[in-house]
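Enquirer: Here you go, one structure.
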């Protein structure tokens, strides 16, 4: 009986560690959706027609609440389980980049724009003069998957990868990844909302191309919200990530290169999440490195890291690079990335200056940032001049550039 006890304890420990690694907002969404499903299941509530996104009800009765209730309710156990397992890697990665409050605002914004796109297309198809098709006006859509498709588009754009794997079977160009998933899921599960997923993709592309810039508050607005007294209990939690990048528990995911092939977040990461729960008989002295998020910083809720001096040094370097009073300073600095092991097994990206002495030319010549790279970060609300400097300092790596910009705002 003793081996079984050890196995059960190992599984419980792994589940606990997996849950503690999920940032604050992502874990809140998972809990809320899970609790709502359980309450509906135990109470026998199945009148989803009252809370789903129904275009005809929104138009005729102005039931705007359906825009937000529809994303929190799910129709079956597999529905909520699959969506939440897909949300964990996607939401965790974006939350560590944006911060908890900014991601919460983004989810609300995406839910709203998804509904607007959904309503517009349904009305257009139903009232077109050539072949009216009213079915879409009466389609009842529920679930978080529309937001997930938006997140897929945004995360793929930020990652900079050129291709992604679909269920480990074949690779597709990254810009077509969301559309391929749309087709695959529609073929495998005919009862899913094609229009709801398509509108999620459209909202994701609208965000990365900067069409929502005028709707995105500045960093000072998010900082004011975080400083409010009614949110203080949440901000003090170790899993909460500040939008300003000031939370030492947060870290930005980086990638080894922009031409690497990345596995699909809805496939490989879900399997890795599940397999990470499984107990192992042997453990090594060093914690296994998590290659999904090899970014800088401590793991969530961990103690003080041994690489704090390196982090502080890097922050000083970033401050000098982004100082408006020294616009030419970046031309004298060459930055390379070195990795240092952390206590939790992740690796830390610390900027080491190559030829950082002022007046001495740098040994490395950084390529000029492309307009596409600049536009991606400008669409997130950063200043264009600082974006150009940050991308050059990061040697073209958008994730490191975001890290520099977020640290400078802090």
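We number each residue from 1, going along the chain as drawn.
The backbone N, Cα and C atoms fix where each Cβ goes, glycine too.
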Enquirer: For the transmembrane segment entry in TrEMBL, name the matching range from 103-127, 228-252.
Expert: 103-127
Enquirer: Which residue range, 194-215, 260-281, is the one TrEMBL calls transmembrane segment?
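Expert: Checking TrEMBL against the ranges 194-215, 260-281, the transmembrane segment one is 194-215.
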Enquirer: Quickly jot the same-chain residues contacting the transmembrane segment (21-45) by Cβ under 8 Å, restricted to those at least six beyond its ends, or write none.
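Expert: Apart from its flanks, the transmembrane segment (21-45) reaches 72-74, 77, 80, 83-84, 87-88, 91-92, 95-96, 100-101, 103-104, 107, 144, 234, 237, 239-241, 250, 299-300.
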Enquirer: Would you list the DSSP helix, strand and coil counts for the residues of the domain 'UBA' (368-408)?
Expert: 29 helix, 0 strand, 12 coil
Enquirer: If we skip the immediate neighbours and take only residues 6+ beyond the ends of the transmembrane segment (65-91), which ones have a Cβ under 8 Å from one of its Cβ atoms?
Expert: 22-23, 25-26, 29-30, 32-34, 36-37, 40-41, 48, 51-54, 57-58, 103, 108, 111-112, 115, 141-148, 151-152, 155, 265-266, 269-270, 273-274, 292
Enquirer: Which sequence positions outside the transmembrane segment (194-215), separated from its termini by at least 6 residues, show Cβ-Cβ distances below 8 Å to it?
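Expert: Residues 53, 106, 109-110, 113-115, 117-118, 121-122, 136, 139, 141, 143, 145-154, 157, 178-179, 182, 185-186, 375-376, 378-379, 381 contact the transmembrane segment (194-215) from elsewhere in the chain.
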